[in-house]
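Annotation source Swiss-Prot lists [4Fe-4S] cluster 1 binding site at Cys66, Cys71, Cys77, Ser303, citing sequence analysis. Under the heading [4Fe-4S] cluster 2 binding site, Swiss-Prot lists Cys92, Cys96, Cys99. Swiss-Prot lists 78-292 with the feature domain 'Radical SAM core', giving sequence analysis as the kind of evidence.
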Amino acid sequence: MTVTPSGSNGAGSAAPEGRKLLRLEVRNAQTPIERKPPWIKTRARMGPEYKELKSLVKREGLHTVCEEAGCPNIFECWEDREATFLIGGEQCTRRCDFCQIDTGKPSELDRDEPRRVAESVQAMGLRYSTVTGVARDDLPDGGAWLYAETVREIKRLNPNTGVELLIPDFNGDPALLAQVFESRPEVLAHNVETVPRIFKRIRPAFRYERSLAVLTAARDDNLVTKSNLILGMGETPDEVRTALVDLHEAGCDIITITQYLRPSPRHHPVERWVKPEEFVEFAQFAEGLGFAGVLSGPLVRSSYRAGRLYAQAARLKPAATPPVS
């Protein structure tokens, strides 16, 4: 998944509670937090829908990734009545070098979480909801039931709300993937995040080809598919274009392309700041390949304008039906 904050104040090189720093984290921390270029900025546009949701979330004690990850796009997404929820707990059984979610032993599975998320979607009056979560390799089903049940509960309470489900790879297990696909989210997302050459370094518990296979399986089940690429972690422009070709050939319908923002000193250093005009060029390349939906920019995140991208892709994929607005 893609969970990166809007930036870091430079703190955070200390080990997370309950474990020591990994050797990789110690090495990462030797590089100071990078100064962001002037184009990495966002304006707070607090419209009436945003203000209403902000008040409701605070009053009801609801939790969204939008707020907790400090997403720079919260103002736009909430104005569109879109939000993202994290399921499965606060500890992930895998560690990706860009992700702010901590690695450790997860808490027990909370079987009531799907209902609570669905009620939050209902309370917020969302038009489109994105659900993401941690990897749960500690569970026999890898958390497949939790992901599928959350979609079912959201749809039961909110029949006119679109649901985008961003999943781990479930180790490529066809039965577990089928269990998740049967919940029929409007969009099935699985993020590749980076290019083959540096994939193992950045995402050691995942496999590039396996991630592509997850998207192919979802495509074959007639789901609208989506993925994400994070730039600035050491890839070259040619490698980005090759990854886009791979994703399109694997059956990916929607692609988002983003700039890596380092969550803390113990995370992978920013190798370079990709210029806005480069993001435009990558978007044009992706559109030329035939992706049904493309968003590319320094502050784009994988769930940014998710409902709009789905509606755009659905028009080009007749089996998909956009949610009622």
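Numbers here mean position along the shown chain, with the first residue as 1.
Cβ atoms here come from the backbone N, Cα and C positions, even for glycine.
According to its DSSP assignment, Cys77 ([4Fe-4S] cluster 1 binding site) is helical. DSSP assigns Ser303 ([4Fe-4S] cluster 1 binding site) to coil, not to a helix or a strand. Taking each Cβ in turn and tallying the other Cβ atoms within 10 Å, the top scorer among the binding-site residues Cys66, Cys71, Cys99 is Cys71. Here the domain 'Radical SAM core' (78-292) returns a mean pLDDT of 94 for the predicted model. Taking only the Cα positions, the spacing between Ser303 ([4Fe-4S] cluster 1 binding site) and Cys96 ([4Fe-4S] cluster 2 binding site) is 18 angstrom. Other C-beta atoms found within 10 angstroms of the C-beta of Cys77 ([4Fe-4S] cluster 1 binding site) number 26, with every protein chain shown included. In sequence order, Cys99, Ile101, Asp102, Thr103, Gly104, Pro106, Val134, Ala135 are the residues near Cys92 ([4Fe-4S] cluster 2 binding site), counting only same-chain partners six or more apart with C-beta under 8 A. Scoring each of the binding-site residues (Cys96, Ser303) by how many neighbouring Cβ atoms lie within 10 Å, the top position goes to Ser303. Annotated [4Fe-4S] cluster 1 site Cys66, Cys71, Cys77, Ser303; additional same-chain residues within 8 Å of its Cβ mean position, judged by their own Cβ, are Thr64, Val65, Ala69, Asn73, Ile74, Trp78, Glu82, Ala83, Thr84, Thr130, Arg301, Tyr304.
Reduced to three states, the DSSP call for Cys96 ([4Fe-4S] cluster 2 binding site) is coil.
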